[in-house]
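I have placed the structure first, in the form of structure tokens, so that the comments after it can refer back to it.
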């Protein structure tokens, strides 16, 4: 049964608790993060004919980790078969096979796998498989103070939250069929074309 | 934000893709007299004994590429994904080529080698070398990386090998005490390299135009590879200088010939290195990968 994440763009405030909880739980170094929070913004200030300043700014946050795609590019390019999907559809790294070539990291459009140079192999989100097998939820989902994340069988998530899986700045879902359901932020619901035309990632320097 | 850190972190792959395809094609060209049965016994002996030089160029590239691996002790698993992963296929082709070439080289020391067997082995090794160049050309064809899955990328790698290979082959001939300038094919080899330089420039010019609008949510190609035209110019100057030295060196003899061909090869390979560096600088995926 394929598992996946739900991200609620109506709730996320970009606090990055999910990122930090993940880094803490997996004891990641500063240069590696399994989950990223992207700040997507557009618009600006202008002075109207009446001389008064006005703004048409929009901004929202997207928390993204590995989306355990139905057609993951990382497993297709992996030269040793170290990258594979388990019985829950979770994309995992077999550390006993991985050579740390980094091809998975170079190919993933979600920048999910990373090469841990000290360990000598790729590392990535495993959906907190140990916690899930104990009946708990992944630590990012558990930590989110706004309950903007959820995890479970993707069919169940789609029944509960809808079929949407495309949200900028994430890549088009047709590329790898991510096991992801998104609830779109208000500004995207109001004018998706404008967001696509004017939006940009504002926190590029924070991304690892 | 530029693509310099990406290219620098993959510097060993830059070196590998600079040296190995040209080295493999040079090996093929240098062994053509044997493959076609045109070499005398003495010439064959010289060519066999000096083929290590061209193999060494390829090996240096391959060894360099292995140094970027996090855990080379798992490398044998690469053979479990041949045909599925382009990288695995590339490594497999490299190993087959080098294994065949190594065995052939060792057999060349036999006191009474069987000529037909030797010729068949050369043809098989040359075929493996060409398969390796093709596998390297397509190793970067990943659908989520638009700058690497561009249709001109494999063509550029073939053009790279066609430019570096003949110059290196001349070096191989010179080291084998063949004097390429005394035979018409010496000039033809460097002529092939010059034609490949023109083809490379055309390919890179088209790629510069076609990749300029490519971007993802974090960066664009012009941001990742600033002054792409300057890189192409540096490539053209280095390669043209190498070919100039090569053409002038055709008239030389003995050690002077070897030194001139080595200089020509170094300059041409330096030019190729520049463009391979820009290739890794240009890496971006759809979406969020840089």
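Including glycine, each Cβ sits where the backbone N, Cα and C put it.
Away from its own ends, the transmembrane segment (B:12-30) comes close to residues 47, 50-51, 54-62, 64-65, 67-68, 94, 97, 101, 125-126, 129-130, 132-133, 136-137, 157-158, 160-169, 171-173, 176, 189, 269, 272-273, 276-277, 279-280 of its chain (Cβ-Cβ under 8 Å, at least six residues beyond either end). Annotated transmembrane segment per TrEMBL: B:12-30 (among others), in sequence order.
Per TrEMBL, transmembrane segment is recorded for B:51-69 (among others). Packing against the transmembrane segment (B:51-69) from elsewhere in the chain are residues 10, 12-13, 15-20, 22-24, 26-27, 30-31, 75, 94, 97-98, 101-102, 105, 108, 168-169, 171-172, 175: each is 6 or more residues past its ends and has a CB under 8 Å from a CB in it.
Annotated transmembrane segment per TrEMBL: B:89-107 (among others), in sequence order.
The transmembrane segment annotation in TrEMBL covers B:119-140 (among others).
The transmembrane segment feature in TrEMBL is assigned to B:152-176 (among others).
Summarising the annotation, TrEMBL assigns transmembrane segment to B:188-208 (among others).
The feature transmembrane segment is assigned by TrEMBL to B:228-250 (among others). Listed by sequence, the residues of this chain that lie at least six past the ends of the transmembrane segment (B:228-250) yet keep a Cβ under 8 A from its Cβ atoms are 163, 167, 170, 180-181, 186-187, 190, 193-194, 197, 200-201, 204-205, 208, 212, 221-222, 256-257, 260-261, 263-272, 274-275, 277-278.
Marked as transmembrane segment by TrEMBL: B:257-279 (among others).
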Selected stretch (most C-beta pairs under 8 A with the transmembrane segment (B:119-140)) from B:89-107, B:152-176, B:188-208, B:257-279:
B:89-107
